[in-house]
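Q: So that we are looking at the same thing, I have put the structure below in structure tokens.
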Amino acid sequence: FTTDTSTPGHFTDYNHNDCKDLINCRPYPKEGICPVNSSYHAWANVRCRMYCGFCIVGTPPSSCVDKISNCYEYDADLCTNPLYRLFREDNCQLFCGLCKIAVSTPPPSCTDKISNCNEYDADLCTNPLYRLFREDNCKRFCGLCKTAATIPSTTPSTPVPTTTMLIPFKPPTTIAVERCTEWDNWVNLHTPDASGDSEPIAEVKKHSHICINPMKIECRTATGSTADDLGQIISCDLWSGLQCDNMHQFDPNGCADYKVRLGCLKQTSECTPCVDRSWSPWVDERNPTTYALGDKEKSGLEYQKASGFCSGGTIHKVKCWSTDIGAFHYSTGEVMKCTPIDGVVCNNADNFPMTCTNYKIRYQCTCNVTTILPPISRRDNEEEGIFLL
């Protein structure tokens, strides 16, 4: 972290113990804004605490407070990135859910909120996709009632990321999450060998053209069947990709040939909020070793179209960082451009006899609507605030 030592600007301090939503959060899908690995988690942790289930039961100890009032302004992975552990534990304990809090509230009565739980799909009580729905609506029907003696006396020290509440109606009911999922192309890089079949997530991402930050993954056989259809045991997740081991299969022929595709959140006004003054991740797609003319990164408009970032908004500011020198562009002494219109443009010819260093860039969004962030008074240049590089 690099801290601005000048006089700090004014920050509006939200009371994170006040469990309420500051805006109408329901138009935003939970899988898009609530999970800790979402780029909108910090935004939701301020405005949609009740909707996302971020509320803390009980009273936190007096020692568990945020030392700074603007934790929500930092990068979305402030609460999860191992690089920032010491910073968040020292400055943003309450915001990141690191407080251990005694629960004094008695457990709620165990009833079904709806009367027709028996009319839903047969796997209502077992399918992991319907966990939130059954826990909220069909506790008694699904046998989820617990006695007071089994209720834990403390809440987890870290908030559990919420997942999409998929409602298990039979067709033709449309599930909201499917409307907001954009699927990439199928990837099948490996065929089964003596040990099985695999599609490592890193390789799948390299061959996916739409999803930069996938939120879903689907694994099927090359012919379109599911592992359940064939009675095969596989692992299929966003952490490792597809893994099928012959030793775990009942079929003497071993694993089938599997393909994988990634699903990401559609960048539309219906599915994703435009977060004013939010920053994109750092982007470094080209470098002077592979780009003969020097270095070049996308303009703001090109990045919007390619990534879906800042949907409904405008890229109005960028930051450019030389990874070779370890400094912002204006400190490198190179002749180059770093603007929302140009992106990064550094030509070797303009810096002869030296060649351009490698740059990465990030983009800041301005929403074309009334701002939803508290007013902030700061120096509006690359030296402002605290950077998580």
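Each residue, glycine too, has its Cβ placed from N, Cα and C.
Keep in mind that this is a model prediction, so the values were computed, not measured.
As listed in TrEMBL for this protein:
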{"type": "DOMAIN", "residues": "18-56", "note": "domain 'ShKT'"}
{"type": "DOMAIN", "residues": "63-100", "note": "domain 'ShKT'"}
{"type": "DOMAIN", "residues": "109-146", "note": "domain 'ShKT'"}
Q: Going by DSSP assignments with H, G and I as helix and E and B as strand, what are the residue counts for the domain 'ShKT' (18-56)?
A: 15 helix, 2 strand, 22 coil
Q: So what pLDDT does the domain 'ShKT' (18-56) average out to?
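A: Mean pLDDT, the domain 'ShKT' (18-56): 76.
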